[in-house]
Amino acid sequence: MRKTKKISFLIFWVVLISIIGAISSQQCNETGYFEPWKTYDTNRRQILTSLASKVVDHYGFYNSSIGKVPDEVHVMGMCIDGTEPTVCSDCLKVAADQLQENCPNQTEAYTWTPHKTLCFARYSNSSFFKRVGLHPLYMEHSNVDIKSNLTYLNTIWEALTDRLMSDASSDYNASLSSRRYYAANVTNLTNFQNIYALMLCTPDLEKGACHNCLEKAVSEYGNLRMQRGIVAWPSCCFRWDLYPFIGAFNLTLSPPPGSKRNISVGFFVAIVVATGVVISVLSTLVVVLVCRKRKTDPPEESPKYSLQYDLKTIEAATCTFSKCNMLGQGGFGEVFKGVLQDGSEIAVKRLSKESAQGVQEFQNETSLVAKLQHRNLVGVLGFCMEGEEKILVYEFVPNKSLDQFLFEPTKKGQLDWAKRYKIIVGTARGILYLHHDSPLKIIHRDLKASNILLDAEMEPKVADFGMARIFRVDQSRADTRRVVGTHGYISPEYLMHGQFSVKSDVYSFGVLVLEIISGKRNSNFHETDESGKNLVTYAWRHWRNGSPLELVDSELEKNYQSNEVFRCIHIALLCVQNDPEQRPNLSTIIMMLTSNSITLPVPQSPVYEGMDMFLPSIKSLPGSVNDSLIDDLVPR
């Protein structure tokens, strides 16, 4: 028992020392100075002294000013979400003391202070409220390099940072509190190792400004290469570690029971030295044991197999695939909503029995696709394979698919132009990731409104990518005898000659943009009274006649920016050009959508004369040539 107490006591101090040394981010701006004991110094001391109590009184966030120009002092303080009032107060008192001690005569400074939690304090002689502060930069990381599995780890890293940026910059709380612009996340790197990360912005920022600040923080550091670090500016902070850190991950720092004796400075130093020796010895021992194990044991299972769910868990989550939980059905199988024991919601795709893959292939390909993570892609959480069952598990997206809003008269009113534009841009970003930025090159081949899911913030997420490998469809990279996809979205060269490329997705994207603008389906446009054989020819006719805004959904009632809508129609018509070489790629499309300084080419007629002979057979189909999603994946 006595030995256990000593070990617990040693562990307590090891943790404490690691936390104290983890980050120390006081940054004094050297652009201005004041004279000690003058009015500015007095005002600074007064407002920093009261900062802790003010932040607690205002539920975790506070900003104010004191004095008159040129001795006016502006201040801001906050604690991360969930911090107890006393802990928040203690942290901010430490932060205020550090600022005054380490920045004795600077007129501007800030600190992100880890003291039982993470808190922030900033002061300046000029107002900074609602302004993004990107100077001075503070960046620190450990000296421990990560040297193995870098490709795999950086894939996880990119997905984690994208997800955190999206979550942290979500404007889900309208009040200026510490709950706004804050996200913490734990992600599996291996079966035995996690990465812990936190992002937050000061709550006074606009949503876009927060995202830009965090994006700059991520790009400032680059890929995952050190075991821990922090990047901070006056307006945002990004911290990560391979071990949980205090405040964000519910750690506590209370000494072991019975250890109430006072500790001398000498004893503390002895503990520090002993800790260093113990860590060195243990590290060496671990390396030796691992090396021996590698020589004698078979290779450890890849981290990807942690993605596997057992069938009982899936059946319990979906009430044994109850029809009342069914979300939809396609060529590859049925999709159900599920709720796991911890209350988290999932979407379950139960694949049909036609898949030709074996167990190992299914595991490998699913794990490969699961690494493809982006804020505008539906996340693949894992799989289940028992007996004849092959099941994919996805994140659950609450607002279902775009088509259920866009083409439903009672719901389309919820899609104002701002939301539609966000969906257009977000979808483009998701497809760009698949085409260019993912570890694989992916051609979706069934991009349509029903494959664009909408989250709680109406942020678009591209669904059903990666199924070609998982389902083992017989296809080649450049052409296929089996035309797959949904009628109305298929490019001419693919439909007539079986040739597909990234430009096939661009064509589908152009059709989708026209649908989003008009609120009309291209696939059954021939059934309407509108002039034109389909939505594409109808849009071209209005463009040619100088009346493109006639295409706009009447539900919008002129509540849109004409120039922005006009530009989107222009881009859509460029995407549906007959010649694939004349269609822009997704990176160009995003620049066209987000920058008015780019001059757009003049579109040519998108009407493909040879298509008429194919239209009767297409129109006779109830939903698609193959209602499933097929895509093409090519290792980079």
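Using the three backbone atoms N, Cα and C, a Cβ is placed for every residue, glycine included.
Within 10 Å of the C-beta atom of Leu327 (ATP binding site) sit 16 other C-beta atoms, taking all shown protein chains into account. What Swiss-Prot records for Leu327, Gly328, Gln329, Gly330, Gly331, Phe332, Gly333, Glu334, Val335, Lys349 is ATP binding site, and it gives sequence analysis as the kind of evidence.
As annotated by Swiss-Prot, domain 'Gnk2-homologous 1' applies to 26-128, with the evidence given as sequence analysis.
According to Swiss-Prot, the feature N-linked glycosylation site maps to Asn29 (among others). Annotation note: Asn29 (N-linked glycosylation site) sits in a strand segment as assigned by DSSP.
Residues annotated as N-linked glycosylation site in Swiss-Prot, with sequence analysis given as evidence: Asn63 (among others). There are 22 other CB atoms within 10 A of the CB of Asn63 (N-linked glycosylation site), with all protein chains counted.
The feature N-linked glycosylation site is assigned by Swiss-Prot to Asn105 (among others). A coil conformation is recorded for Asn105 (N-linked glycosylation site) in the three-state DSSP classification, outside any helix or strand. Sequence-distant neighbours of Asn105 (N-linked glycosylation site) (same chain, six or more apart, CB under 8 Å from its CB) are Tyr33, Phe34, Glu35, Pro36, Asp41, listed in sequence order.
Residues or ranges marked as N-linked glycosylation site by Swiss-Prot: Asn125 (among others). Within 10 Å of the C-beta of Asn125 (N-linked glycosylation site) there are 22 other C-beta atoms, taking all protein chains into account.
Among the features that Swiss-Prot reports, N-linked glycosylation site is placed at Asn149 (among others).
Per Swiss-Prot, the feature N-linked glycosylation site maps to Asn173 (among others); the stated evidence is sequence analysis.
Look at Swiss-Prot and you will find Asn185 (among others) tagged as N-linked glycosylation site, backed by sequence analysis. Within the same chain, the residues at least 6 positions away from Asn185 (N-linked glycosylation site) whose Cβ sits under 8 Å from its Cβ are Leu160, Arg163, Leu164, Asp167, Tyr196, Ala197, Leu198, listed in sequence order.
Residues annotated as N-linked glycosylation site in Swiss-Prot: Asn188 (among others).
As annotated by Swiss-Prot, N-linked glycosylation site applies to Asn250 (among others).
Per Swiss-Prot, N-linked glycosylation site is recorded for Asn262 (among others), and the stated evidence type is sequence analysis.
Around the Cβ of Tyr394 (phosphotyrosine), the same chain contributes Ile346, Ala347, Val348, Lys349, Val378, Gly379, Val380, Leu381, Ala463, each under 8 angstroms and 6 or more positions distant in sequence. According to Swiss-Prot, the phosphotyrosine annotation covers Tyr394 (among others), on the basis of similarity to another entry.
In sequence order, Gly328, Ser401, Leu402, Asp403 make up the list of same-chain residues 6 or more apart from Ser450 (phosphoserine) whose Cβ falls under 8 Å from its Cβ. Under the DSSP three-state reduction, Ser450 (phosphoserine) is assigned to helix. Look at Swiss-Prot and you will find Ser450 tagged as phosphoserine, backed by similarity to another entry.
As annotated by Swiss-Prot, phosphothreonine applies to Thr486, with the evidence given as similarity to another entry. Residue environment of Thr486 (phosphothreonine) contains 26 other Cβ atoms, counted within 10 Å of its Cβ in all protein chains. DSSP classifies Thr486 (phosphothreonine) as coil under the three-state reduction.
As annotated by Swiss-Prot, phosphotyrosine applies to Tyr494 (among others), with the evidence given as similarity to another entry.
Each residue contributes its Cα atom, and for Gly333 (ATP binding site) and Thr486 (phosphothreonine) these two points are 16 Å apart. Here the candidates are the recorded positions Asn29, Asn188, Tyr494, and by Cα distance the one nearest Gln329 (ATP binding site) turns out to be Tyr494. Note: Val335 (ATP binding site) has non-local neighbours Met326, Leu327, Gly328, Gln329, Ala347, Val348, Lys349, Arg350, i.e. same-chain residues 6+ apart with C-beta under 8 A of its own C-beta. In terms of C-alpha distance, the listed recorded positions Asn29, Asn125, Tyr494 place Asn125 closest to Asn63 (N-linked glycosylation site). DSSP assigns Tyr494 (phosphotyrosine) to a helix. Annotation note: Asn63 (N-linked glycosylation site) sits in a strand segment as assigned by DSSP. Every protein chain considered, the tally of other Cβ atoms within 10 Å of the Cβ of Tyr494 (phosphotyrosine) stands at 24. Using Cα positions, the member of the recorded positions Asn29, Asn188, Thr486, Tyr494 nearest to Asn125 (N-linked glycosylation site) is identified as Asn29.
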